């Protein structure tokens with residue numbers, strides 16, 4: 001039942017099918033004044049058409065907000081996440097998850113500015129995004145009213161949604177096969193495709209699903225070799241050319257795309273309890289992760305590196321589940337950021353037919369001591385004879401256990 005007390009609602013609006021229907025539904029069911037927010041996250045398509053669609057749906061010009069947030073997205077969300085080498089369930093680089101808190105933050109800021117008493121999103125009632133959006137809303141504005149149409153209206157499937165769209169003359173985009181498109185999410189970090197034939201995890205994804213990369217087998221026969229410069233854990237330059245965060249990630253995406261890097265077909269465990277299959281493309285992020293681990297390998301102490309690796313799965317779960325604004329994520333971030341103080345230097349990377357290989361790394365803060373590790377003779381701080389006592393001390397408890405077991 002619609003809450004008729006809601007007067008103004010800020011809708012996260014893409015201009016696509018779902019949010020176009022939601023816009024009309026909010027106007028008719030709630031009788032509310034709708035304010036739209038459209039974020040340019042680097043999704044690779046023009047977002048200005050969203051303005052025309054909102055106007056055509058009766059939204060006042062002053063209630064239409066379109067903002068280019070690419071630099072903020074990469075600087076304040078993507079890069080902090082990559083300082084942690086964040087990977088969910090060993091594979092997923094969290095391209096969708098990391099965009100939701102920024103959108104939620106912008107909606108709340110607009111709601112405060114415009115005096116809106118509610119916010120709304122287009123996430124379905126089965127997915128993770130509903131959780132991510134709403135935890136973001138409540139984490140920033142605890143008393144805000146949240147309208148989640150997919151949990152309220154009578155549409156139970158995408159087919160019913162298409163019927164509603166046709167009835168109300170809402171434009172339905174088509175892909176080149178003449179069918180309604182896959183469920184797609186895209187931003188500067190990644191693109192994802194779900195639904196239709198992808199719902200069967202036994203069936204290989206058709207090639208036309210991939211939007212961001214060429215097939216690895218079609219990539220050039222010669223490798224591409226680049227350098228990436230880091231300062232305090234963040235990439236700042238490619239091949240010696242300084243770039244802004246969004247520009248740098250865009251360039252890495254282009255390099256990854258041309259070399260077939262960053263494709264991923266996985267089944268993941270959603271926070272809401274079910275498994276889902278998706279096809280992800282994260283070309284620039286895949287390169288960045290490998291390069292960052294490369295520079296950390298010579299600048300981080302073993303203890304700090306191993307502790308970071310232990311903390312990373314928890315950090316990844318917090319991001320995946322929507323707890324970006326939680327104190328525990330901020331605590332972990334503080335520790336991770338502290339670890340990055342000396343993560344500065346240059347990494348050389350080879351891109352070849354879907355593979356990313358670190359082939360060189362250097363840093364003014366390197367902990368790698370060539371004199372110490374060399375097999376050649378020389379004056380070094382390491383005495384081979386010391387290893388005997390080290391081994392015996394570490395073996396002590398194992399020897400005690402073995403003696404007990406021998407006694408029976």
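Backbone N, Cα and C define each Cβ position, glycine as well.
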Practice prompt. Report the candidate from 95, 115, 122, 125 that shares the ATP site with 12, 13, 14, 15, 16, 17, 18, 19, 20, 39, as recorded in Swiss-Prot.
Written response: 122
Practice prompt. Have a look through 109, 204, 207, 268 and flag the one Swiss-Prot assigns to the L-citrulline site that 92, 97, 128, 132, 183, 192, 280 belong to.
Written response: 268
Practice prompt. Indicate the candidate from 97, 124, 192 with the smallest number of other Cβ atoms within 10 Å of its Cβ, considering only these binding-site residues.
Written response: 124
Item to complete: Work through the binding-site residues one by one (128, 183, 280) and name whichever has its CA nearest to the CA of residue 14 (ATP binding site).
Response: 183
Worksheet, complete the sentence: residue 20 (ATP binding site) falls, by three-state DSSP, under helix
Discussion item. Taking 8 Å from the centroid of the Cβ atoms of 124, 128, 129 as the cut-off, which other residues in that chain fall inside it around the L-aspartate site?
Written reply: 123, 126, 127, 130, 131, 132, 270, 272
